[in-house]
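Enquirer: Shown below is the structure under consideration.
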Amino acid sequence: MATSVMPISHGETTATKRDNGRTRWVIVAVLILGWLAGVLWRLWLGHPVTHPIAHSDEDSYMNAARAIAGGPGGFSSETPLFRRIGYPLLVSPAFMFGLDFATSYKIVHVINAMVSALTLPVAYLLARRMFGLKTWVALAAAFVAATMPAGVFWSLVGMTDSIMAPILLGWFLAIHWWLSEPERKGAAITAGVLTGVLYMVHIRGTILALVYFAFLAFLLFRRRTTWSMAALAAAPLVLMAVLNQILIMVVGTKVHLRGDIVGGGTLSVFTSGQRLQVFAASFGTNIWYMCVVTAGLAGLAWAASAVEMFRPVRDAAYRWTAGVALFSMIGTALGAAVILAGLVNTTADALYSRYVQVFVPFYILFGFAVLVDSKLRSLLKYAIVPVLILAVGGAVIAYRLNYTAERGHHLSYGPFGGPDIMTITAGWGSLRPYVGALIGLVGLAVLLAVTRLRKLAIPVLALIVVANGVTMSVMRNHVIEPLGKRFTLSVDLGKIGVGPGDKVYFGRHMTNNAYYVLYHDVYWSEVKLLSQDEPPADADVMIGRYYPSRADLNFDGTKYGFKLLRAYRTDQVSIWRRQ
């Protein structure tokens, strides 16, 4: 018996197109409003921070930005080999108007927030195009990625990490686009440009550039691209690397480097047993960290990436983009471990996850896509990877901490090593590996269970967004506000008549807090820290330490013809003007 199929009427087709168009505009509106909300949220979180809190990297970027804007120079903790100018160039407009530092620094926060909040729309595009998530699920997953504390925290400080998450997501999106349409010149150029941007922003960009060149070589070897297209994809990176050096030359000696961590210590990492242990611990701890803060989703994504490379079931664009991401993350973790193990005269870190935190938003998306797209049997196999990393890693880290403590030593631990894991484990004073492992394991088990019901996907993602918001609020109270208060002094140079035109010097016994804050508050010139008590002949104003009960530390300007303008007992600061 024949079966007839009624054709779709013109009216139904028009209605479908109208509904799709309406949905598209709703998504665009949600992304725009979400971006704006993300900007305002980040500005609220960072409101207590009035001066740099991440010393001395943050100071270095602010000094370089000020120099690029035509102002005075300053010191930098960067190394000659790995010096990058991209981030200072981005925020340099904040210093172009001769404003006081506190105002310029708030403008930097606005720039950071505007760029960091772009994580939302870029994550949505990646979720749709690479991972193929449905529209509303992709939107919910993008909100999770955009609110992850690993990315949001860094937007509150003047450092490269504040802008790297959306750029990295954009890089993966561009690579996937090019692989999907290998003849598109615009896609190849975009991939090269974003690689160049990453290179100009931070040393991690060097590792990503090496991965990118290896990726181009792989494409040529597999005959998936032509030499001309590969050259087109590489040219922007080369040009931006050259631009980085040109800008460094233009800035010249206005920014002077303090020391160089790339030296004998780094070279001896693989020849010293002790340094090799630090290297292995740094690498392993970062891998463990990634699984904790993503509730095991990063481990699921790594397992799925590895399986896809050897037993492909998805398209080449998905497979090779996942491969690029995996090698980039591993390369970054290894590079960070080499640098940390090569540091001399410093205490080894219990955890320093800063370099890999930029990958957290991507692997949240990837891991969730694996959850909703894979069969339970496959998921259980993939889950072996994060379960082992969390359980074994937590035990090994705990052993390392105990082993070190029993021998009367300690490992460095602080908010910049992992503010998110510090907050979710309530590890304010010490790293809590067992708690972290438990959080990761329980989180993974819950996600595996609830995502079996597709209707629960969006509610679960919404709960994670709420959890991220709560985590950041707690972090604001316990980490951000104390740091902001620590580096906010009651000293107001303008109110006591110190300003542009005054030649200012610091006394040699300044506290670190006062030094770093007032170094920036004297925004019209670079301030030198004296190595002797007597001020130089051209000093108009001296800023010294106020410590009356300790004559060896207290600065007494009357001995050198200076008049006291004001002393701040709490801040241990005294301001003097030559009579």
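Counting begins at 1 with the first residue displayed.
For all residues, glycine too, the Cβ spot is worked out from N, Cα and C.
All annotation found in TrEMBL is predicted automatically rather than curated by experts.
I grabbed these lines from TrEMBL:
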TRANSMEM  25-44  transmembrane segment
TRANSMEM  110-127  transmembrane segment
TRANSMEM  133-156  transmembrane segment
TRANSMEM  163-179  transmembrane segment
TRANSMEM  199-221  transmembrane segment
TRANSMEM  228-251  transmembrane segment
TRANSMEM  287-310  transmembrane segment
TRANSMEM  322-343  transmembrane segment
TRANSMEM  355-372  transmembrane segment
TRANSMEM  379-401  transmembrane segment
TRANSMEM  431-449  transmembrane segment
TRANSMEM  456-475  transmembrane segment
Enquirer: Below 8 Å between Cβ atoms, which of the listed ranges 110-127, 199-221, 355-372, 379-401 makes the most pairs with the transmembrane segment (431-449)?
Expert: 379-401
Enquirer: Given pairs 6 or more apart, does the transmembrane segment (379-401) have at least three Cβ pairs under 8 Å with the transmembrane segment (163-179)?
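Expert: Result for the transmembrane segment (379-401) with the transmembrane segment (163-179) is no.
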Enquirer: Hey, does the transmembrane segment (25-44) touch the transmembrane segment (355-372), meaning at least 3 C-beta pairs closer than 8 angstroms, sequence gap 6 or more?
Expert: no
Enquirer: If we skip the immediate neighbours and take only residues 6+ beyond the ends of the transmembrane segment (163-179), which ones have a Cβ under 8 Å from one of its Cβ atoms?
Expert: 87, 90, 112, 115-116, 118-119, 122-123, 125-126, 129-130, 145, 151, 154-155, 187-188, 190-191, 194-195, 197-198, 201-202, 204, 208, 215, 224, 233, 316-318, 320-321, 324-325, 358-362
Enquirer: Report, as numbers and ranges, which residues of the same chain sit near the transmembrane segment (228-251): CB under 8 Å and 6 or more residues beyond its ends.
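Expert: Same-chain contacts beyond the ends: 64, 67-68, 73, 83-86, 89, 178, 182-183, 185, 188-189, 191-193, 195-197, 199-200, 209, 212-213, 216, 219-220.
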Enquirer: So if I exclude everything within five residues of the ends of the transmembrane segment (287-310), which remaining residues of that chain have a CB under 8 angstroms from its CBs? That is, six or more out.
Expert: 148-150, 318-319, 322-323, 325-326, 329, 333, 351, 353, 356, 359-360, 363-364, 366-368, 370-371, 374, 379, 381-387, 389-390, 393-394, 397, 418, 420-421, 424, 433, 436-437, 439-441, 443-444, 446-447
Enquirer: Which residues of the same chain, at least 6 past either end of the transmembrane segment (322-343), have a Cβ under 8 Å from a Cβ in it?
Expert: 172, 175, 203-204, 207-208, 210-212, 214-215, 261-263, 265-269, 275-276, 278-280, 282-283, 286-287, 290, 301-302, 304-306, 308-309, 349, 352, 354-356, 358-359, 362-363, 366
